[in-house]
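Participant: Dropping a structure here in structure tokens format, bear with me for questions.
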Amino acid sequence: MRRGWFLPITTALGFGFLYGPILSLVIFSFNENRLVTVWSGFSLKWYGELFRDPQMLSAAWLSLQIAAVSATIALVLGTLCAVALVRFKKFRGRTALAGMSSAPLVMPDVITGLSLLLLFVAMESLLGWPRGRGSLTITIAHATFCLAYVCVVVQSRLVDLDLSLEEAAMDLGATPVRVFFDITLPIIAPALISGWLLAFTLSLDDLVIASFVSGPGSSTLPMVIFSKIRLGVSPDVNALATIIIGVVSLGVIAATLLQMRRPATKQGRG
Amino acid sequence: MSIHGPALHPGPVEPEKAASRREDAPPPPRPWTMIERGLAAVGLSGKALVIFAPALWLTLFFLVPLAVVLQISFSIKEFGRPPYSDMLSFAEDGTVQMTLHLSNYMRLFQDSLYVSAYFSSIRIALISTLIALLIGYPMAYAIARAPDRWRNILLMLVILPFWTSFLLRVYALSTFMRGNGVINNFLGLFGIPPIQMMQTDFAVYVGIVYTYLPFMILPLYTTLVKLDGALLEASADLGARPWRTFVSITLPLSMPGIIAGSMLVFIPAIGEFVIPSLLGGPGTLMIGRVLWDEFFANTNWPRAAAVAIAMLVVVVVPIMLMQRAQSAVVERR
């Protein structure tokens, strides 16, 4: 293949486009000036401001809790769903389950949020549950749409799985539940971890669905950030973004290094 | 092929073996036996539970809500809690009366706001997808052709923004394009007057491409990296110019990636709310934003429900049918 100038330059520009705004956000989080785009000197004061903001801190804590719980629910139900779809070829309602588990992926957030809110309101007036809206309803909503993502991730791993291992275990007299916990689960563990992380991130990131189904007094972090951004620039949001980007970068870099090392260790063993 | 499991179970045990086994401590109860006993106690097989649990959850929190939306789209706004009219009313003589209001749907067709919002959503999503494809394709191609040690790093750089907050990235872009933002400050160094970028449709295009570019690059990369280099060499040996090779070999073979990537950008873009509301101007009509305003600003829940149902019929169902047709084609291969 001819090595021209076109590809390297487009790629460099593309990455510049992806990272330019993020870098400027990080740089200006250390800016002393209130104007986010005028540099006047190095300062950590916005970080101090961020950690003294009770609204921001409680919203962050609420978001982390909701993300952890809803990702765990989504992991359990999504894995069951994937097992049902991949392993049980024929059962009544299989098409319906397949449709219901993939439809949330293409559903716009506004529809998901509105429909769940209307459901919760109707349930409250019919059954008296859930009483009001808040972290519980947000958790249910997040678990529902994250379930679909977990299901896709686990499904693709299950499809590739070598069936002979499970068959061997069955032949040796293991019951299906034991086979699942002893054989299947350890093999699909990487998919479960990435599914959970994906669900956790999606929940932590969601603004639209949470805005519909939350109630007074339960604002998640994206909701607080959104209202701050709408009012104009706020340098403490820059500080928060820098922290999040730092944590995520460390995680992604660690995961990439692990992935790059794994094939090497395999070769070493073989 | 499987050998029958039960045949391998220990049959009647010989006396001396049984004696030696008795000396062993009884095995501690394992979690799976406890799970199995628990399931059997409530009369459920494992298989039924595996299917039942997610099916019940999805029915309750995905299917039923859509039915509720459909129902409420036929009511009208009323003051009270909840702020919509009842569909069923009980008359004094014991009869039940069902009232379906079609006014919300009539309004969708009569008020040009809604129709043009649907069209402009589709237009904005299509144009942004096309731009993302034009930027993402060369990037994916370059990553696929990069030397091994570079490839993982470049891929990581593509994936990394996806894990950071979507909202914060839109915010980053808005500070970048602001009137006194980085771009305009940079242009100012050359004496170029500031350009109004924020609160325009242009900013919305940039925003969608910016946030969803990784979704375009990844599937393109997966198809391009599998591309057989021998085909390209053969084409070159037969005298085809690079451009010709690209059009007649690379492009058709990477079609699955193009389709997958385009869908991954187009689908979230069309119902987008955050990007038009933070980057777009008051004139940027997108249907997700219209629904949001109908609900939050006008508190007209039935109208919002009708907008959602129309969105489902016009946008979501065609996308699902397309995806199904596409996966059917893939499975047939």
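Any Cβ shown, glycine's included, is placed from N, Cα and C.
Straight out of TrEMBL:
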REGION    B:1-31  region 'Disordered'
COMPBIAS  B:14-25  compositional bias 'Basic and acidic residues'
TRANSMEM  B:49-74  transmembrane segment
TRANSMEM  B:117-141  transmembrane segment
DOMAIN    B:118-322  domain 'ABC transmembrane type-1'
TRANSMEM  B:153-172  transmembrane segment
TRANSMEM  B:202-224  transmembrane segment
TRANSMEM  B:245-267  transmembrane segment
TRANSMEM  B:273-292  transmembrane segment
TRANSMEM  B:304-323  transmembrane segment
Participant: Could you pull out which residues elsewhere in the chain have a CB under 8 Å from any CB of the transmembrane segment (B:273-292), counting only those six or more residues past its ends?
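Facilitator: Contacts with the transmembrane segment (B:273-292): 113-114, 116-118, 120-121, 124, 166-167, 170-171, 173-174, 177, 198-201, 203-204, 206-208, 211, 304, 307-308, 311, 315.
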Participant: Taking pairs 6 or more apart in sequence, does the count of Cβ pairs under 8 Å between the transmembrane segment (B:304-323) and the transmembrane segment (B:49-74) hit 3 or more?
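Facilitator: Contact between the transmembrane segment (B:304-323) and the transmembrane segment (B:49-74): present.
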Participant: Same chain, outside the transmembrane segment (B:49-74) by at least 6, Cβ under 8 Å from its Cβ: which residues?
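Facilitator: Hits for the transmembrane segment (B:49-74): 39, 84, 87, 100-102, 104-105, 301-302, 305-306, 308-309, 312.
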Participant: Please work out which recorded stretch in B:117-141, B:153-172, B:245-267 has the most C-beta pairs separated by under 8 angstroms from the transmembrane segment (B:202-224)?
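Facilitator: Most Cβ pairs under 8 Å with the transmembrane segment (B:202-224) come from B:117-141.
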